[in-house]
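**Q** Quick one: this structure, given as structure tokens, is what I'll be asking you about.
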Amino acid sequence: MQEKDASSQGFLPHFQHFATQAIHVGQEPEQWTSRAVVPLISLSTTFKQAAPGQHSGFEYSRSGNPTRNCLEKAVAALDGAKYCLAFASGLAATVTITHLLKAGDQIICMDDVYGGTNRYFRQVASEFGLKISFVDCSKIKLLEAAITPETKLVWIETPTNPVLKMIDIEACAHIVHKRGDIILVVDNTFMSPYFQRPLALGADICMCSATKYMNGHSDVVMGLVSVNCERLHNRLRFLQNSLGAVPSPLDCYLCNRGLKTLHVRMEKHFKNGMAVAQFLESNPGVEKVIYPGLPSHPQHELAKRQCTGCTGMITFYIKGTLQHAEIFLKNLKLFTLAESLGGFESLVELPAIMTHASVPKNDRDVLGISDTLIRLSVGLEDEKDLLEDLDQALKAAHPPSGSHD
């Protein structure tokens with residue numbers, strides 16, 4: 001169920017009990033003999049057995065860990081899922097999911113996707129006999145046309161990284177599930193479960209890089225995978241243990257702590273993100289702004305129908321050339337030039353040279369990932385300070401006098 005929120009601006013109402021679940025699910029003090037209110041960091045690699053093969057739920061920390069267990073239970077609740085599994089990184093989660101397949105199987109992947117995902121599918125998974133097809137899944141007819149008898153997995157992001165296309169998850173699920181043997185995976189990194197729940201819209205797997213909004217403090221690298229299907233969960237749990245790409249107990253503790261403020265942080269990201277997007281849209285030095293929260297976004301109505309709001313991820317084209325983009329980036333004072341996103345601090349990057357440099361140039365050109373495309377991860381700073389920083393950097397790139405021409 002969901003509850004209404006006055007700030008939703010036409011988006012879906014927020015999911016009911018979200019904050020309460022983030023704070024309490026999996027955190028019960030009764031699970032510890034000390035009755036600790038904050039879950040413990042269980043660093044032990046092994047656990048005593050009462051007799052050979054008789055244990056209390058934990059044998060070896062790769063197979064299962066009490067701290068990781070707390071995190072997985074909490075995330076499952078937030079994703080509206082029965083099960084969650086934590087991994088050492090978002091790409092570790094991607095690799096593990098891919099191991100559900102065998103040589104000869106086809107993966108259909110959204111063409112505009114995280115550079116690391118593109119690189120893994122194109123340069124690694126393909127070397128092991130998997131067939132990879134990159135398709136614009138925002139166009140449902142193209143997705144349907146790409147499905148073959150060998151198709152076993154469809155991988156989408158929404159919004160996409162970095163050009164922020166919205167994909168209709170429900171429509172994709174309808175097409176994909178006409179066959180009973182295709183898995184639909186949605187990378188929910190850019191939205192988090194606070195703003196979007198892919199499983200409720202028909203996805204089989206919801207994954208994310210918890211490095212980003214879920215942890216929210218730029219000090220943990222982690223991936224999360226949530227599912228409702230018991231059979232799928234059992235297969236992934238086996239692979240999690242067999243491949244061994246699990247996070248450390250300390251990282252699980254930190255991410256679990258980050259979840260407690262997720263609802264508060266996401267509201268602020270939305271507020272600041274909207275303010276920055278509106279400012280950029282009115283700035284003469286900006287060619288185009290891409291933000292699903294703006295009415296100008298071509299899929300704004302889909303965003304309102306599918307999400308409870310938007311995050312702080314904004315993409316825009318600065319007028320001019322790479323030189324103008326570089327001057328803008330050099331003059332920013334609050335926005336840090338760095339890869340990654342979703343932390344409390346504001347970040348800025350140039351995808352063509354940074355996060356998406358591994359994507360072939362021809363593909364970047366088709367997708368619109370040009371030298372003047374800039375990606376912002378708007379943080380939690382004071383709105384006025386962020387706008388002033390962007391304003392002065394844009395003026396440096398495009399002086400009002402026009403002396404740079």
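Each residue, glycine too, has its Cβ placed from N, Cα and C.
Copying in the features that Swiss-Prot gives for the protein in this structure:
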type    : residues              : note
BINDING : R62, Y114, R119, E339 : substrate binding site
MOD_RES : K212                  : N6-(pyridoxal phosphate)lysine
**Q** Please report the number of other Cβ atoms within 10 Å of the Cβ of Y114 (substrate binding site).
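**A** For Y114 (substrate binding site), the 10 Å Cβ neighbour count is 23.
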**Q** Considering Cα atoms only, can you say which of R62, Y114, R119, E339 is the nearest neighbour of the residue listed as 'N6-(pyridoxal phosphate)lysine' among these binding-site residues?
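**A** Of all the candidates listed, E339 is nearest in space.
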**Q** Return the residues near E339 (substrate binding site), defined as same-chain residues 6+ apart in sequence whose C-beta is under 8 angstroms from its C-beta, sorted by sequence, else 'none'.
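**A** When sequence neighbours closer than 6 are ignored, E339 (substrate binding site) has L347, E349, M354, T355 within Cβ distance under 8 Å.
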**Q** Can you tell me whether DSSP puts R62 (substrate binding site) in helix, strand or coil?
**A** coil
**Q** Give me the largest Cα to Cα distance among R62, Y114, R119, E339, the residues the record lists as binding substrate, in Å as a whole number.
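**A** It comes out at 29 Å between the most distant Cα atoms.
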**Q** For R62 (substrate binding site), list the number of other Cβ atoms lying within 10 Å of its Cβ atom.
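**A** Within a 10 Å radius of the Cβ of R62 (substrate binding site) lie 15 other Cβ atoms.
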**Q** Quick one: of R119, K212, which of the recorded positions has the smallest count of other CB atoms within 10 A?
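**A** Result for the recorded positions R119, K212: minimum number of other Cβ atoms within 10 Å at R119.
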**Q** Helix, strand or coil at K212 (N6-(pyridoxal phosphate)lysine), per DSSP?
**A** coil
